[in-house]
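For reference, Swiss-Prot has these:
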type	residues	note
DOMAIN	39-154	domain 'tRNA-binding'
DOMAIN	404-483	domain 'B5'
BINDING	Asp457, Asp463, Glu466, Glu467	Mg(2+) binding site
DOMAIN	694-790	domain 'FDX-ACB'
Amino acid sequence: MLVPLSLLQKFFSSPLSIEEILQACDRIGIEAECSNVFPDSLNTVVTGKILSASPHPDAERLTVAIVFDGKGERQIICGAPNCRAGIIVPIALPGAKLRNASGEITTIKKAKIRGLESQGMCCGADELGFPHLQKAERGIFEFPADTPLGESACMLLAGAPLECSLTPNLGHCASLLGLAREISFLSPVSLNIPEEFSFASLPQETSICDMHDAGACPVFYSVKISGLSCRRSPEYLQAALTALGQKPLNAIVDITNYVMLSLGQPLHAYDSQAVEQKSLHAATLQSAQPLTLLNQETYTLPAGSLVVADQHNILGLAGVMGSAASSCSENTTEIILEAAYFQPQAVRKYQRTIQLHTEAAYRFTRGVDPQGVLPVLHAAIHMIQSLFPDAQISPIQKIGDDSFSPLSLSVRPKTIKRLLDIELSTAEIVAKLSSLGFQTAVEEQAVRVEVPSYRHDIQEETDLVEEICRTTPFVQKTQKILPTYTPIYSLKRELTAFLANGGLQQFFTYSLLDTEVSSLSLQESSLIPVQNSSWKLRDSLLPGMLKSAATNLHRQAPYVYAFEIGNVYSKEQNRYQEEERVAILLSRQVMDDSWQGKTPLSFYTIKGWVEKLLCQSGASIEDFSLQPSQHPNFHPYQQAALYQKKHLLGIFGTLHPQLCRKAQIKHDVVFAELSLNVLLSLKKKSGPHYVPYPIYPASSRDITITIDRDLPADLVRRELLSFESKWLESVHIVSVYQGRDSASQSKNVSLRMVFRDHERTLSGQEIEEEYERLTALLDKKLANIGQGNS
C-alpha cells in the first residue's frame, strides 16, 4: 500500500516526522519503508513560507524574500517570476547539492548577490529531480497552503515515500484514515478528519426488498445523483490518486477511488441508464451465470455468489467489481452511488473462485467498518457536490439494518501475567486500552472491553493482550530466558530419536493430498476439501505414508520401516480441528533371508511397537485398554483401538488387503496412528520410577479360562490385576486358543500369575490359597460380563 506523506499528514492534528511515523508503524506491526531514497544533501531542502517579497534595489528581475523555514527566518535572493509573499516553496539550505539541467552539481552556499546576502535558494521541482511536477517553464514550485513547514521537500514531492505491507489482521489500516488512527494512538498527536471529508447528513429513506440477501449484506445504501458529467478531475485530485497508486479516469470514478483509499470503505457508481427502476439491492445467485466486468473479462459466477442487481439484471459482483454494462462513460449525467457492508466470508468465497483481485475486494475480505458505510457515503456525496455544485441529490435509500452490537470481551490481569509476565492493575489496563480507542469498564478482577466496529481482528481475550503488549515499552517487559522446548516439542524429539534409533526411517509427507494420494483411504469422504481445487486436507497420516511406502517398494527397497509425526485435520460440529499424531508403518520383514526363515509381519508386530512407544512416552501401559475397532482402512479382524478411559489414543493393526491393492503393494502392511496430545497428557511428570531389584524368589501359577470369543483376552488379565492382592506381582497372557469349528462361541485364554513378597519367601500353601482366592473372584466377575469357566 502506497502512503503519500503529504496526504497522511492531513489526518494528524500536528505534523509528524518520517522517523516518528516509521516508529509508530513498527509498533503497530506494519512493515513500512521509504520507497524513494534521496542523497543526504537533499535532506537539507525543506519547505518554507515566504513572509515578504520586495524588489531588489539593484536588480530589476530579482526579489528579496524573507522566508520562514520552520525554525527561523532567512533572507533569500530569488529570480523566479512567481516569488511572492504567502506561498510555501522548497528552500535549499546552505550545504544542499542540486543537479542542474546539464547534469552538473551545484552546492548551495551563503553568497552576496548584487550586494545583498542570500542564505539559501528557492527551488523549482525540476531542480530537485521532479521535472514532471513543474507547472511553469521558469519559477519556483508552490506547495498547497496547508503544507507543514520545515519538512523534507523531496519527501513531499515524491508523492508516495512510504510503502506499507499489511498483514491480514490489519485490514482496518488499509486506508489513510485507518493508518493515521493507529499512528495517532501511539504518537503525541490526535486524529484529525480533513475538511474535504466533512459532510452534513442527508435525508434517508428505508426500502424493503424481498430479493435482498440480508445475511451476506446486512445494510445496503444507494443514492441517485443527477446533473453530472464525466469530465476530468481537478489536478489536485489526479495528483493525489497518482500518489496513492491509482490511475485517474474521470471525476466520478476518481472520487469513489479517492474516498476508498482515504477512508477505507469501497464505493461504486452505476450509470443510472443501466439500472431498471433506479433501484439496487444485493442478491445471491441461485445458479452459475456469466458476467462481463469492468476489465472487459467475462467470468462465470458460481452459484452462491453475492451480486448487486436491479429487478432483472446483474450489475456487479458485490465487493469486487462492477459490470461493464453499468459503467460510467463520457455520456453519463446521472449515477446511482452504492455503499454497502458485505460480509468478509461471503466476498472471500467467490473472489477466490474467479481469482480476481481488486482494491475493493482487498478491503471487503479483511472487513470494513460497518458503522462507517453511511459516513463515507456522505463524504463522497459532499465531494461530488463540491465539484458539481448544480448536482441534484435524491434521498438515500437504505435496505437492511444498520444497527451494530459491539463485541464485548473481558481481559484479566492474570491472563496478562501468564502471557506477558507483566503485573498490571485494572486501572493500568483501562488506561492502555482506552488509549487505543476501546471502551472499557472495570469489573471484579477483570476489565470489560467493547471492541470498536472497525477492529475485526479482535475476537478473544488474547487479542486484547496483544494490544496491551504493543503499548508497553520494551524496558517495562520482563527479560527472561524462555524454556528451551515446549512439552509437545520435547515429546516429539524424544519419539523421533527413539524410533530412528529403533531402525525406522522418518517420512515427511504433505498435509494437502491430491486425487491420487487421497484415494489411498477407504474413508475418503472424511477428508476436508480445499476450496476451488482437487486437493484435500488429510485426516490421517496413512495416505501419504502409504504412497511413500509404495514408491520405495516399487524401487526395490527390501522393506519399509517408517514413521511420521505431523498434523491431521478434521471437522466436528462445524468447527475445524487440528491435531498432531505419530504414525508407524511397517511392510515386509527385515530378516526375510535369515536362516530361521521368513517371519511375516502381523498384528502383534505393530502392537509391540505401540507398547514400546507408550513406554518411551513415559506413560504406563496399564493406563490403557484395547477395544475392538471397525475402521474401514484396517483388516476387519486384525485391528484394535487403544483407549485411556474414554479418550481414544489411536488405532493400529493390519491394513485392509483391498487398500494394499489400491496402493499396488503385494505384501501385508501394518500401521499404527496415535494422538500426541493424549500421549502428552498421560506422560508421567516425575519421570521414570526406579525400584530395587527383588532379593526374594517369585513363584508362578498358570490358569486357563474359557470365555466368550468376542471378549478381549486382555480383559481377563486386567480383571485379575484389579483385585486387591499384596502378593500378585504381574499377570501375562501365555496363549489364546480358538477351535477350528466356526460355530464355536468360546475361546481358551491361558495366563501366568506371578507372586512375590518383597520381605520374605512365600510358602507353597500361601501361594495356593492366594491363587484359589483370585480365581474364585475371577469366576464371579466373569459371570457378570460373559461366559467364563476356569
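Just so it is clear, glycine is given a Cβ too, placed from its N, Cα and C backbone atoms.
Because the structure is a prediction, the values reported are computed rather than measured.
Annotated features taken from Swiss-Prot, shown on the structure.
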residue: Asp457; record: Mg(2+) binding site; Cβ contacts under 8 Å, 6 or more apart: Asn169, Leu170, Gly171, His172, Asp463
residue: Glu466; record: Mg(2+) binding site; Cβ contacts under 8 Å, 6 or more apart: none
residue: Glu467; record: Mg(2+) binding site; Cβ contacts under 8 Å, 6 or more apart: Lys432, Leu433, Leu436, Phe438, Ile458
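Here the Cβ of Asp463 (Mg(2+) binding site) has 16 other Cβ atoms within 10 Å, regardless of which shown protein chain they belong to. Within 8 Å of the Cβ centroid of the Mg(2+) site, not counting the listed residues Asp457, Asp463, Glu466, Glu467, the chain contributes Asn169, Arg455, Ile458, Thr462, Leu464, Val465.
For the domain 'FDX-ACB' (694-790), the model gives a mean pLDDT of 86.
For the domain 'tRNA-binding' (39-154), the DSSP-based tally of helix, strand and coil residues reads 14 helix, 49 strand, 53 coil. Here the domain 'B5' (404-483) is broken down by DSSP into helix, strand and coil counts: 30 helix, 14 strand, 36 coil. Per DSSP, the secondary structure of the domain 'FDX-ACB' (694-790) breaks down as 32 helix, 32 strand, 33 coil.
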